[in-house]
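Feature list (source: TrEMBL):
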- 127: active site, proton acceptor (ACT_SITE)
- 10, 72, 73, 102, 103, 104, 105: ATP binding site (BINDING)
- 103: Mg(2+) binding site (BINDING)
- 125, 126, 127, 162, 169, 170, 171, 222, 266, 272, 273, 274, 275: substrate binding site (BINDING)
- 2-298: domain 'Phosphofructokinase' (DOMAIN)
- 104: site 'Important for substrate specificity' (SITE)
Ligand code: F6P
């Protein structure tokens, strides 16, 4: 068989582990040929690719980013490009395409699959917001980076009697904020699923200082918003891909908390550091298992499906199911964390 692989959307630790696993399983065990498209769907639309043999994937298991490059693509551009993509699949003699990506990539995968292209998807995102899989690789690494940062920030916050408002990634869902906040013992966690009341946040932080504590750490997802009417808030504009450009909720909250509490408050925006660097062992293993099962799915003719973790098993689920809705943080998780406002 001849298999094309690509990585699309925001990068994430573990992408290279999937690419390596696909090549190992396909080339070594099935004597397949694998090509990698450059920079996501763009590579497929422009037939920009290179051959991936064992040498090409040597030494990449622990490397962050993606050796193939990634990019975002506008949905309309892809819709217009379906026939071009079909033509390239035929010209290149491809039997299957394995796109590795998040929500946007999987929606695009479904579009091409519905158009009859042989697709098996692999989910990735540090945000962990894909419903069909218990976990996505990249999430564990991002939570580890954020937790390490929070641990470090606690010591400097305490030295200076400050409130530190730490903004983590999480466009639509608060998984990174919840897990890193819980792991580091944050004093308040704000998530996109639950609009916050800044007066309540000020009360929680204020009571902590009144109780004699010298500092407070607030973790906020980049996509968190105040309850309407509770705070002046500037939302970001929308980019060409339809994504909100965040205007810095931590910046706005630090100004507001300083005014309300008379305590020094500083914003810390962790940003892309959460997406970079070497994947954790957990993410390498999950990514490797996804790659292995994606190749098996291709050989089983299970097109239109995506690999997913359910319990301890890797299963295949329809791409349609994967993109139905986002996996948001359920309310019982707020209660367990105790400090989600
Ligand atoms: O979807 C993953 C993610 O890391 C989000 O948490 C974040 O909002 C977005 O990607 C950032 O994307 P970009 O790299 O385009 O700024």
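Every residue, even glycine, has its Cβ placed from backbone N, Cα and C.
Bear in mind that TrEMBL entries carry predicted annotations, made automatically and left uncurated.
Owing to the predicted nature of the structure, the values given are computational and were not obtained by experimental measurement.
The structure, with features from TrEMBL marked on it.
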| residue | record | Cβ neighbours (10 Å) |
| --- | --- | --- |
| 10 | ATP binding site | 21 |
| 103 | ATP binding site | 21 |
| 105 | ATP binding site | 27 |
| 125 | substrate binding site | 27 |
| 127 | active site, proton acceptor | 28 |
| 169 | substrate binding site | 25 |
| 171 | substrate binding site | 18 |
| 266 | substrate binding site | 18 |
| 273 | substrate binding site | 13 |
| 275 | substrate binding site | 20 |
Can you tell me which of these recorded positions sit near ligand 1, meaning the Cβ is under 6 Å from at least one of its atoms: 127, 171, 273?
127, 171
Find the one among the binding-site residues 72, 105, 171, 275 whose C-alpha lies closest to that of residue 127 (active site, proton acceptor).
171
Between residue 275 (substrate binding site) and residue 103 (ATP binding site): CA-CA distance (Å):
16
Out of 73, 102, 105, which of these binding-site residues is nearest residue 125 (substrate binding site) by C-alpha distance?
102
What is the set of residues, excluding 10, 72, 73, 102, 103, 104, 105, whose C-beta falls within 8 angstroms of the centroid of the C-beta atoms at the ATP site?
8, 9, 40, 101, 108, 241
Please report the distance from the Cα of residue 72 (ATP binding site) to the Cα of residue 273 (substrate binding site), rounded to the nearest angstrom.
19
Compare all C-alpha positions of 125, 126, 127, 162, 169, 170, 171, 222, 266, 272, 273, 274, 275, the record's substrate binders, and send over the largest distance in angstrom.
32
For residue 266 (substrate binding site) and residue 10 (ATP binding site), what Cα-Cα distance in Å is obtained after rounding to a whole number?
27
Distance check, please: Cα of residue 73 (ATP binding site) against Cα of residue 171 (substrate binding site), rounded to an integer number of angstrom.
18
